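Input: a single structure, listed below in structure tokens.
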Ligand code: UT7
């Protein structure tokens, strides 16, 4: 069976940057109190990118995909599978993946969305890996794309300061050489309420609550424990030690979660990729965006072993181990 190898990556952030101070000033006009100090101390976030009105996940996904295709040296015609991980699709249907396929001018092959919130990218990458291993696809685009600004309650300071918009993409291709060497996915549907956007479009109106709601402390505790366990399990599955991991690319939600995780796994800070300070939490886009940053700045190199980890609503979590 062939391996699936990452042959290119790309990331795209909408150009509008909103600093903590700008956000605090905006919230203050509605008598909502927050500060750069609180946000930085509790989360490590300093700024986020916010899409302008009318800019949707498919637009960000398409830009990231174009950069990934260029980086991989392949064209849209080579792509026979597109998976977009998103919880903020443009429409109820068609899928965001189909919109991206049309934007790229790609023809044929499967295109569909995966919905696993902040774990979406590791779910999508694992799915694409399975297609390639089974011989059902040869060259796949795997994208995480979100416009979370559209589902935030901008009057809830406990959530609206945490998220940003963006998209990250990778191209994976069938190869005889090791690429994705392990994957481990999990869900616990009994924990749906700690992180959800429990709204729907039905009979011509929005029913339920259209905004993201989170019990931050419950998510925090689960995230650290689940990711630590998943890291051990995926290494055991691949027959490697945690010390063999050159780069940890965790979901970028909170620097305190990332630091706790690193300490629990005895992975030194220098081996952990962090973008939460400048991107905030971009949900399914956070892992591929961070991966792309570390590839392009030369940290992640050919031959390195990379562990990507996602965690979020559902409750869902998982890890993918990649040999570059
Ligand atoms: O991507 C999915 C995964 N999501 C996550 O991983 C998020 C996980 N959770 C977290 O990152 C943290 O729990 C938060 C950043 C959401 C919150 O940090 P915390 O240290 O757990 O704070 P807290 O919720 O216990 O709130 C502490 C205080 C409260 O005030 P009182 O009750 O102590 O008076 C909050 O009302 O901070 C207050 N607070 C704020 N103050 C200023 C909450 N949000 C803000 C804010 N600015 N934006």
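For all residues, glycine too, the Cβ spot is worked out from N, Cα and C.
Just so you know, TrEMBL annotations never went through curation; they're auto-generated.
Pulled from TrEMBL, these are the features on record:
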type: ACT_SITE; residues: 118; note: active site
type: ACT_SITE; residues: 251; note: active site
type: ACT_SITE; residues: 281; note: active site
type: DOMAIN; residues: 112-189; note: domain 'Beta-ketoacyl-[acyl-carrier-protein] synthase III N-terminal'
type: DOMAIN; residues: 235-323; note: domain 'Beta-ketoacyl-[acyl-carrier-protein] synthase III C-terminal'
type: REGION; residues: 252-256; note: region 'ACP-binding'
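Feature map: TrEMBL annotations on the structure.
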residue : record      : Cβ neighbours (10 Å)
118     : active site : 32
251     : active site : 30
281     : active site : 23
**Item:** Between residue 251 (active site) and residue 281 (active site), the C-alpha gap once rounded to whole angstrom
**Value:** 8
**residue 281 (active site) versus residue 118 (active site) - Cα distance in angstrom** = 9
**Item:** Per-state residue totals over the region 'ACP-binding' (252-256) - DSSP helix, strand, coil
**Value:** 2 helix, 0 strand, 3 coil
**Request:** In three-state terms from DSSP, label residue 281 (active site) for me.
**Result:** strand
**Prompt:** Averaged over the whole of the region 'ACP-binding' (252-256), what is the pLDDT?
**Reply:** 98
**Fill in**
The DSSP breakdown of the domain 'Beta-ketoacyl-[acyl-carrier-protein] synthase III N-terminal' (112-189) into helix, strand and coil residues is 26 helix, 32 strand, 20 coil
**Message:** Under a three-state reading of DSSP, tell me whether residue 251 (active site) is helix, strand or coil.
**Reply:** coil
